[in-house]
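Here's the structure, in C-alpha cells; my notes come after.
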Amino acid sequence: MAAAASSAAIPNPSSAFSTASSTTRSPLSILRPSFSFPLRPSPRQSLQISCSTNSKSTAAASPSVTTIDPSLSIPRFSPDEPRKGADILVEALEREGVTDVFAYPGGASMEIHQALTRSRTIRNVLPRHEQGGVFAAEGYARSSGKPGVCIATSGPGATNLVSGLADALLDSVPLVAITGQVPRRMIGTDAFQETPIVEVTRSITKHNYLVLDVDDIPRVVKEAFHLATSGRPGPVLIDIPKDIQQQLAVPDWECEMKLPGYLARLPKPPCQSNLEVITRFISESKKPVLYVGGGCLNSSQELSKFVELTGIPVASTLMGLGAFPVSDELSLSMLGMHGTVYANYAVEHSDLLLAFGVRFDDRVTGKLEAFASRAKIVHIDIDPAEIGKNKQPHASVCGDVKLALQGINELLESKDSKSKLDFKAWRVELNEQKMKYPLTYKTFGEAIPPQHAIQVLDELTNGEAIISTGVGQHQMWAAQHYKYKKPRQWLTSAGLGAMGFGLPAAMGAAVANPGAVVVDIDGDGSFIMNVQELATIRVENLPVKIMLLNNQHLGMVVQWEDRFYKANRAHTYLGDPSRESEIFPNMLKFAEACGIPASRVTRIADLRAAIQKMLDTPGPYLLDVIVPHQEHVLPMIPSGGSFKDVITEGDGRTKY
C-alpha cells in the first residue's frame, strides 16, 4: 500500500519521456519531456520514496548470464530484491564493463557515490575538480579506446563538465557523463544547485537523457554506451534526479534498447562498386597523398597494409598522429597550419587526395578553395554530415574506415597492384622537399630550445610513451618533434583547444594503462588551469611525469602578437611584473605541497640528465624546464592562408 500511495503522490512518467534531447549530429529524433507532475508544486507536496515492484519488473529481473562477464558484475542483491536507483545505475555500469570512473560527489549525486562504495569492481579516482574529472575520463578513453565515465553533482558540478563534453564531441571521444539532478518535484523551481544541464549540453553531446522513471535506468545506460561507442563516437550525458536515485525498484536487465531511428541510420558496409572507383582513381594518379585523421586510429593495421600495397605517402592531422608511424619513410608527419612544409607541399601538388577519417578542419585546409585545388578528392568517413560539408569530394564512402580499407586492400591484392603502381618519382620529389625544409630550430647559448627538450624525451622513451598536452606552442612542438609509433599514444585537445587538458588527461591515461610511461608535456599557462590534479595523482600514486615547458607567457598568443600586432603585449605575461627576473609562480612549490618530487632545469647542458631523472623516479614527478618566450612554432600558415603563404623563418627576436 505504501508503494501505491507514493505512486499517487508522484506519478511515474512514461518511459519514452526519459529521452531528453539529441543534436543534429545524431540521427536520433528530439524528444522533449512532458511532465505529468507539477513543476512548481504546492508547499504541502512532499517527496516519498516509492518501491517500483510490479509483476512485470519482477518477472524480468533475473540478470542475463549469457551476456555478462561474471568478473565484471558480482551480484549484491537477489534477482527479485528491490534496490535503490543508484545501485541499479552502478550495476548497469558494471554490466557495461566499467572498472574505473572519475567522480566528484555533491548533494545531488551522493546516492551514486554511496552505491559506488558497494561495488566490488568499480574504482573511483577522485579528481579535485569536475573539469579534471571529465578531462581524465577523456584521457582514459583516448588512450584505451574504451568509453570514459565521469560523474558530477547538479548545478555547478554539472556545468563544470561542459568544456570536456564539447571537447569530446569535437574530437569524437566515447564518453558517458552522469550527473545528479534535483528531485523531480523541484525541477523548474530554481532550486539550490539546479541547472537544466540537458538543455545546457544539448548541442555539445551526441545525445543526452533526463531519467524520469527508475525503471528506465538499465535501458538508458545500455543505450548511452551504445551511442557513445558506435558510429562516430562521442559524449552522452545521463541526468538523474536525486529522488530517482533513492527510489526502490527491481531492474529489468533484459530490456531492449529503443533506438530504431539511430540503428537504421548507422552506416552499412561499404559498397564494392564505390571501392572499385577508388582503386581506379589510385591507378590513374601520378601524385597521390593520404590525408589521415582521428577516424583512422582504429584501423592502423589496415592503413599500414594499404600504404605497403600502394607506396602512397601519408600526411596526418593533429588527431591522426600515430595512426601511421611518424618515423616511417613514407610519413610526411603533420599537415596544416603548423604542419611540415613537405606535407603541405604534397597536398598542394597532389593529383589525388585520399581523405580518410577526417573533417577538413580549417586548421588543416586554411583557405578552402586553395586546398588540394589540383586533386581529385576521395573522402571516407563514418559521419554522413562530414561528407561534402567543407570540401566536395569526387568519390566518397560513408562508413567505417577500417572496413573500407579492408575492402580496398583486398581489391588491390587481387589485382596485384603492388607491382603495377609506381609512385617513385613522386616520392623522390617529396624527399627533396624533406631535405630542403626539415623541421629545425635555433639554439641561443645555454638556453633550452623547447623543441630540443621534446626530442630528448623522444630519444629517452624510444618514442613509446603516452604523451598528453595542454594547448598552445608546447602542443604543436609535441606534435612536430615526438615520433609517435602507434595509435592512442597522443592525447590532445585538438578541435576545442581546451587549456588545462594535459594533466588530467595524463591522469586518465595512467589509470587506463598501468605500467605505461605517461608524460604530460605542458605549458605554464595550461598547467596552472588544472594544477589541483597534482593532489589526485599523488594520492592515487599515478606515475604521471610532467615536463613543463615554462616560458612565463601565453606563448601562442605571444607569437601572434609578434607576427600580427607589432609585439604589443596584451595581458600575455604570466609572471609577476614587479619581479620579472624571478620565475613566478614557483611551480616546484605546487608539487611540494602535494608531496611530488620536482626539479628545475635552466641550462641545455643539464637537460638530458634532468629528463632521465624524471623518467627514473618512481611515481609522479614534475620537471620545470625554463625555455625562452621568443620561440615561434614554425612552419606556420596564417589563418585563412594557403601553402604559398607559409612562414618558415623568424621568432620573437625579430621585428615584423
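Each residue, glycine too, has its Cβ placed from N, Cα and C.
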Original post:
Which stretch does TrEMBL mark as region 'Disordered', out of 1-23, 392-414, 553-575, 599-621?
Top reply: 1-23
Original post:
Of the residues in the domain 'Thiamine pyrophosphate enzyme N-terminal TPP-binding' (84-194), how many are helix, strand and coil by DSSP?
Top reply: 50 helix, 19 strand, 42 coil
Subject >> Helix, strand and coil totals (DSSP H, G, I; E, B; other) for the domain 'Thiamine pyrophosphate enzyme central' (278-407) >> reply: 47 helix, 27 strand, 56 coil
**OP:** Compute the average pLDDT of the predicted model within the domain 'Thiamine pyrophosphate enzyme TPP-binding' (470-625).
**Re:** 97
